[in-house]
Amino acid sequence: MTKIVAVLVCLVVVIATLKTNGVDGRQYRNNKMDLRALLGLDQVSEEELEDWNLSIPFPFLPVNRISTQLRIPLEKSEELTNCSIQCGNHGKCFKYINSTKEFCYCDQSYSGRYCNITYQHSCSSGSTALNTSICLCPLNKFGPKCYLQHTYCQPKNNPCNNDGLCIPMDDRIKKNDYICLCTGDHIGSHCEHRSNEIGITFKINPIPTLVFGHFITAFSDKDHERTTSFKKIPFDRDSIVLYHTTPFNLLFIEFEKNYYLTVIREKPIRSENIFTNINQDYKCENITKLLNSTILNYKTLRRLKYYQLPCIQNHKLKCFYDDTYMCVCDNNRYSNCFEFDHNTSYDCQGNNYCGKHGECFQNNITCPSMLVCKCDKCYYGSKCELNTIGFSTSLDVIFGYHIKPFTSFTKQSTAVKITASITILMLIFSIINGVLSILTFKSESLLKVGCGIYLLTNSFISILTITIFTIKYFQLIIFQMKSITNTSFISFSCILTDVLLKILLTFGDWLYAAVAIERTSNAVQGIHFNKTKSKYIAKYVIPIILLLISLSYIHDPISRRLFNDDDEQRTWCILEYSTSLKTYDKFINVFHVLTPFIINILSAICITIQVFRIRVKTKKKSAYKKILYAQIQQNKHLLISPSVLILLSIPRLIISFLSGCMESIRTPWLYLTGYYVSFIPPLLIIILFILPSKTYKQEFVSVIRKINFFSK
């Protein structure tokens with residue numbers, strides 16, 4: 001949610017810039033004046049919002065009165081990458097909001113068209129020097145150099161109660177005058193009164209992401225008044241708190257084009273605390289579901305006469321509505337109806353603030369103080385700029401929102417603690433599995449064929465894969481908790497960690513596929529199988545596979561960047577693909593999962609058929625079922641590994657092809673399970689390859705005995 005509470009301060013900053021020293025705030029460039037709006041609230045900030053370039057009609061006059069309308073933007077201006085001006089190392093290139101001209105926004109202590117002139121300013125500490133003659137003061141200071149202080153807006157003597165922000169007015173208009181900018185839960189000239197507080201818990205599923213609160217105040221001598229606010233519901237909560245500054249009679253909560261009667265008061269109460277639930281019993285039904293078609297076809301006035309029937313006939317009904325009216329059932333089961341505009345637009349006046357994949361809502365058409373984006377399915381972020389569409393969804397997207405910023409690990413959610421425990425257990429199991437596998441497969445007798453080389457390599461890769469996965473997981477927690485804020489380090493991790501995980505996981509899958517191919521070749525060729533040749537091929541196949549996989553993912557790191565979500569106070573590692581790269585990325589990910597999957601299936605089928613043929617030839621009189629069963633038992637070590645790998649690949653394929661995207665960050669468990677399942681194969685080398693095989697098992701037992709001997 002974006003709050004535009006600082007707009008008032010921005011306007012003060014703009015006005016002050018125009019008035020300082022009569023002509024301060026005017027930077028003359030060919031009879032033009034540059035006007036700058038900076039974002040600041042309790043302290044001065046040098047964050048650039050927008051710049052205007054205004055004409056000075058009579059530059060020869062000592063004073064010019066310029067009348068113009070400035071619209072403070074919802075978003076700050078972005079630095080230009082392709083700029084016609086060279087701003088050097090001490091400036092950034094921007095464009096004026098009201099013209100096509102470009103200019104350099106200089107760092108403090110630098111000025112000039114190209115920010116190549118240094119100067120010493122005499123502004124007080126805490127203020128910002130815009131150039132040698134203009135000082136931009138914080139709220140509690142004033143004067144040409146910001147050395148004078150407002151006695152009535154000092155932090156130690158704040159006249160605004162309950163954490164209200166004191167904003168001094170212009171001393172030349174009225175001395176000792178100020179306004180209090182109150183927090184949402186207080187009102188009054190000095191923030192001395194509490195607002196109406198309404199706590200709402202949602203007892204429905206799914207819980208909405210955004211709700212509208214329609215407050216209705218009834219009058220006996222005039223039409224009802226309606227004010228609307230909205231609130232975004234955090235993904236990890238099922239309740240919200242709304243604040244309303246004036247007394248009210250009714251509160252309707254709207255989401256997904258449904259209305260719920262939440263609060264009803266015959267007499268409004270000021271500064272009331274209300275706590276209520278929302279469930280299906282409070283839902284307002286459409287009149288089309290309550291009256292028959294004959295009555296519905298009547299003209300409006302005649303149809304209204306029958307609006308007493310729904311409340312009388314449905315004792316649990318709280319409210320209902322049509323295209324024009326909203327009706328409430330009172331305690332005597334009578335209908336009280338009033339006009340209610342269902343088509344009020346809160347779409348930010350057509351501004352595309354939320355992009356193509358979200359709806360923008362603002363709380364006031366003429367002077368908005370708050371706006372929010374309601375994202376489409378599969379999109380998230382404060383501006384709906386992030387998505388969960390794609391074959392390989394990263395852990396950041398799946399689980400990032402479940403980690404609370406600026407909160408210690410002990411106070412994180414149960415889901416975070418459980419996944420952290422599982423990740424640590426996976427690392428421990430991976431080290432044990434990998435080390436024992438390495439000690440087993442390094443035997444010279446097992447390295448005489450390609451299978452041994454593939455499995456030895458995969459033993460190293462399995463440890464490396466789970467280690468990097470563990471690093472990735474805890475980096476995500478640390479980054480989202482804001483324990484580390486170094487942008488360079490986070491960017492390096494963003495570029496490197498995910499692509500390494502992709503390469504290593506895919507490399508492991510292809511090594512398993514290589515084992516399946518060699519075992520199939522061995523079963524087909526029988527005594528003609530050349531062990532020396534298989535060993536020779538393996539030494540070349542391994543680096544070639546690794547190289548090709550790395551090249552196939554080269555687009556990933558170059559398409560990654562950091563995205564700072566200021567509203568959510570989060571930093572995301574995101575991928576930005578062009579349309580062609582999206583197609584390629586989907587293809588290459590499907591190829592790397594589907595091809596080893598198919599190889600394992602074909603391997604299991606071919607091995608079964610081949611050994612069955614051989615046994616049938618030697619024992620023609622035996623029953624086919626008995627022969628098949630006996631052959632499966634005898635060659636189970638060749639069938640177990642591809643069969644289990646097939647089963648582990650199926651969930652990933654189903655999730656990727658059927659679900660399309662993760663629709664809600666509130667329920668990521670299917671995707672999170674699929675993500676963790678993809679890391680199970682590196683943990684199962686002993687179970688899938690060593691224990692089912694007599695040869696490998698003998699070597700494994702020998703290794704265990706040696707370890708026990710040295711431990712004694």
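Note that Cβ sites are derived from N, Cα and C of the backbone, with glycine treated the same way.
The shown structure was predicted, so the numbers you read here are calculated from the model rather than taken from an experiment.
Here is what TrEMBL records for this protein:
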type	residues	note
DISULFID	Cys83-Cys93	disulfide bond
DISULFID	Cys87-Cys104	disulfide bond
DISULFID	Cys106-Cys115	disulfide bond
DISULFID	Cys182-Cys191	disulfide bond
DOMAIN	79-116	domain 'EGF-like'
DOMAIN	149-192	domain 'EGF-like'
DOMAIN	433-689	domain 'G-protein coupled receptors family 1 profile'
SIGNAL	1-25	signal peptide
TRANSMEM	418-441	transmembrane segment
TRANSMEM	453-478	transmembrane segment
TRANSMEM	536-554	transmembrane segment
TRANSMEM	590-616	transmembrane segment
TRANSMEM	637-657	transmembrane segment
TRANSMEM	669-691	transmembrane segment
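Look at the disulfide-bonded residues Cys83, Cys115, Cys182 and count other Cβ atoms within 10 Å of each Cβ; Cys83 has the fewest. Cys191 (disulfide bond) sits 39 Å from Cys106 (disulfide bond), taking the Cα positions as reference. Each residue of the domain 'EGF-like' (149-192) gets a DSSP state, and the totals for helix, strand and coil are 3 helix, 11 strand, 30 coil. The disulfide-bonded residues in question are Cys93, Cys191, and the one with the fewest Cβ neighbours inside 10 Å is Cys93. A Cβ distance under 8 Å defines the sequence-distant neighbours of the transmembrane segment (669-691), meaning residues of its chain 6+ beyond its ends; these are 388, 393, 395, 398-399, 419, 422, 426, 429-430, 433-434, 436-437, 440, 455, 458-459, 461-462, 465-466, 469, 505, 508-509, 512, 515, 637, 640-641, 644-645, 648, 651-652, 655-656, 659, 662, 697, 700.
Packing around Cys87 (disulfide bond) is summarised by its Cβ count: 23 other Cβ atoms lie within 10 angstroms of its Cβ, all protein chains included. For the domain 'EGF-like' (79-116), residue counts in helix, strand and coil come to 3 helix, 12 strand, 23 coil, using DSSP.
Neighbours of Cys104 (disulfide bond), defined as other CB atoms within 10 A of its CB across all chains, total 22. Counting residues 6+ beyond its ends, the transmembrane segment (453-478) has Cβ neighbours under 8 Å at 395-396, 399-400, 403, 409, 412, 416, 419-420, 423-424, 426-427, 430-431, 433-435, 437-438, 441-442, 446-447, 484, 493, 497-498, 500-501, 504-505, 507-508, 511-512, 514-515, 518, 535, 538-539, 542, 679, 682-683, 685, 689 in the same chain.
Note: Cys106 (disulfide bond) has non-local neighbours Cys87, His90, Gly91, Gly112, Cys115, i.e. same-chain residues 6+ apart with C-beta under 8 A of its own C-beta.
A straight line from the CA of Cys182 (disulfide bond) to the CA of Cys83 (disulfide bond) spans 42 Å. Among residues of the same chain six or more beyond the transmembrane segment (418-441), those with a C-beta under 8 A of the stretch's C-beta atoms are 399, 409, 447, 452, 455-456, 458-460, 462-463, 465-467, 469-470, 473-474, 477, 672, 676, 679, 682-686, 690, 696, 699-700, 703-704. For the domain 'EGF-like' (149-192), the mean pLDDT of the prediction comes to 80. Cys93 (disulfide bond) sits 5 Å from Cys104 (disulfide bond), counting Cα to Cα. A separation of roughly 10 Å, to the nearest angstrom, links the Cα atoms of Cys104 (disulfide bond) and Cys83 (disulfide bond).
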